[in-house]
Amino acid sequence: MTESQLARLERAHASIKSRAGAPAPVAVMLGSGLGQLADEVEDAITIPYAEVEGFPVSTAPGHKGAFVIGSLHGVRVVMMQGRLHLYEGWAPRDIALAVYLLQKLGAEKLVVTNAAGSLNPDYEPGDVMLIEDHINFTGLNPLVGPNDDAIGIRFPDMSRAYTPELLVTANEAAQNAGVALRRGIYAGVLGPSLETSAERRYFRASGADAVGMSTVTEVIAASHAGLPVVGLSAITNKATGGPDQQPDTIDEVFANAVVAGRKIEAILTHLLPALKDA
């Protein structure tokens, strides 16, 4: 018999709660090429995913695979240094487990970051996009199957998945950091192959501004758990699918993720204290 999500959550939490220390009210999920932000955490407690009972282990390049708990910009945070992806073979419920565990560790707000390609021709590699909403093109949902009422309701509303009040907070944080912030819609795809040019044009016509292989599953889980979300995309490559489209390389993605990551780090300097007080 398949173990319930609630039982998995309780087992995972029990295996690390004595090591995690005081509750961390803000959780930050670090995307591809952004893991270096966890190195800034002070008095860090690092718990590798492999040491969390029943928890999946990240295999994606640039994802170390550890919870990092400590203080950043005066705020107690729990960071996921590396996330899980559907393309690694994990089930959607495995990815959702991470969000529920962050909440168990004290998270009252969730910051999701990711690396994304720019469908919007006005966006350039190195830009940062504030996610206003998403379109789930993965064809998968972590809530399929029996619902655990102790985690969340059967039919969670997704019309405000990216908390409107936190969008305002993030925009103000970017202004205070001197970072020009794009605002747009994120298209989540399954991967791991990159999108065809025709797919990119289709996603753009559907209203999306950026595309990536993560985030939508976690945000569905956050909505299920009643966890407010703010999302930031590091724009790492041009993905317009137009006649000037060039082949993408992982080296290019990581190089541009570092550039955008510095901007995200600057935003977090102002965003984290604001989230603690929001």
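Note that Cβ sites are derived from N, Cα and C of the backbone, with glycine treated the same way.
Feature annotations, courtesy of TrEMBL:
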DOMAIN    26-272  domain 'Nucleoside phosphorylase'
BINDING   S32, H63, R83, L84, H85, A115, S214  phosphate binding site
BINDING   E195, N237  purine D-ribonucleoside binding site
**Study point:** Sparsest-packed among the binding-site residues, when each Cβ's other Cβ atoms within 10 Å are tallied, from L84, A115
**Key:** A115
Revision key, fill the gap. Taking only the CA atoms, the spacing between S214 (phosphate binding site) and E195 (purine D-ribonucleoside binding site), expressed in whole angstrom, is 14
Practice item. Quick one: average pLDDT across the domain 'Nucleoside phosphorylase' (26-272), no decimals. Key: 93
Study note, to complete from the structure: Comparing local Cβ density (other Cβ atoms within 10 Å) for the binding-site residues S214, N237 points to S214
Practice item. According to DSSP, folded down to helix, strand and coil, what is S214 (phosphate binding site)? Key: coil
Revision key, fill the gap. One finds that other Cβ atoms within 10 Å of the Cβ of E195 (purine D-ribonucleoside binding site) number exactly 22
Review point. When you measure from the Cβ of H85 (phosphate binding site), how many other Cβ atoms are you left with inside 10 Å?
Key: 23
